[in-house]
Amino acid sequence: MASSLSVLVLLYLAAAASAQLSPTFYSTSCPRALATIQAAVRAAVAQERRMGASLLRLHFHDCFVQASPSHKSHYNFDYGCDASVLLNDTATFTGEQTAFPNVGSIRGFTVIDNIKAQVEAVCPQTVSCADILAVAARDSVVALGGPSWTVPLGRRDSTTASLSQANSDLPAPSLDLANLTAAFAKKGLSRTDLVALSGAHTIGQSQCTNFRARIYNETNINAAFATLRKANCPAASGNGDGNLAPLDTTTATTFDNAYYTNLLVQSGLLHSDQVLFNGGATDGLVRTYATTPSRFNSDFAAAMVRMGNISPLTGTQGQIRRACSRVN
């Protein structure tokens, strides 16, 4: 019995070790990986500043789609930060790109494909697409003037994806504070993480269909701001649904804390933005981030690391895809 117990302890320790991500994961196997990713991201953002927001969103939409804990033992099931969002549909599964929160809006795949090709040229089948997404998200924020952080590495890539989980797990722009808090708690993220990560909306744009109900029907909205947004978002559904508006009217392509100062004057674009400052439990944190950008930067960086740790595939799980859009 003692011998069996020792074996079990060793197996547990081995499993725990394999599940640990490390910032130095590629130091020996691909020392040029991080510099290669950074240079490619900088080039992409220099060409189109909006791409920084798109790459950050890809990482978020990848990490938030995962199997329930009861299914974790299934080697081929969808996990968290596993690059499943990058997979094209196949004969055996419908992927996440046509899920309601993604269809017609998720972008940046060509940039990721380009980064992957460059990394493959340096270190064939060594660096996962999931890690590329995590690093590209960080480098995008930095390229737009935001904080940096150390990215733990060692994720592996999923061999499947889930349309249904993308539809159920990605927070909708219509959610209220209680449901947003619950959606983040389901992923092991706190209310502070929710408010900090929502600050990613200091960059990027959103489609009219996502904010039409807010600008026409809600009362906790700045009148001049609503009028401005109505000019490019007709009231009738089906008209101008894909028209874009900046999530942060003040500095749409700079990563700063203006998102929170906008909330203070009821100029959040999405319902799910303004509920963070609407007489609820997160009002105080919004005020803090609006007045103390250094606190926002540090909390955002810490929250990004926690989000990047949502159920990664590690060790011998999954695979290192040669191309991010398909399994090997």
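Each residue, glycine too, has its Cβ placed from N, Cα and C.
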According to TrEMBL, the disulfide-paired cysteine of Cys123 among Cys30, Cys63, Cys208: Cys30
Packing count at Ser84 (Ca(2+) 1 binding site) (other Cβ atoms within 10 Å of its Cβ): 29
Asp256 (Ca(2+) 2 binding site) CB neighbourhood, other CB atoms within 10 A: 19
Spatial neighbour of Ser84 (Ca(2+) 1 binding site) that is closest, considering only the recorded positions Cys30, Arg57, His61, Cys123, Thr202 and their CA atoms: His61
Inter-residue C-alpha distance, Thr251 (Ca(2+) 2 binding site) and Cys81 (disulfide bond) (nearest angstrom): 29
Cys129 (disulfide bond) CB neighbourhood, other CB atoms within 10 A: 30
Any further residue of that chain within 8 Å (Cβ to the Cβ centroid of Thr202, Asp248, Thr251, Asp256) of the recorded Ca(2+) 2 site: Ile203, Thr250, Ala252, Thr254, Phe255, Asn257, Ala258, Tyr259
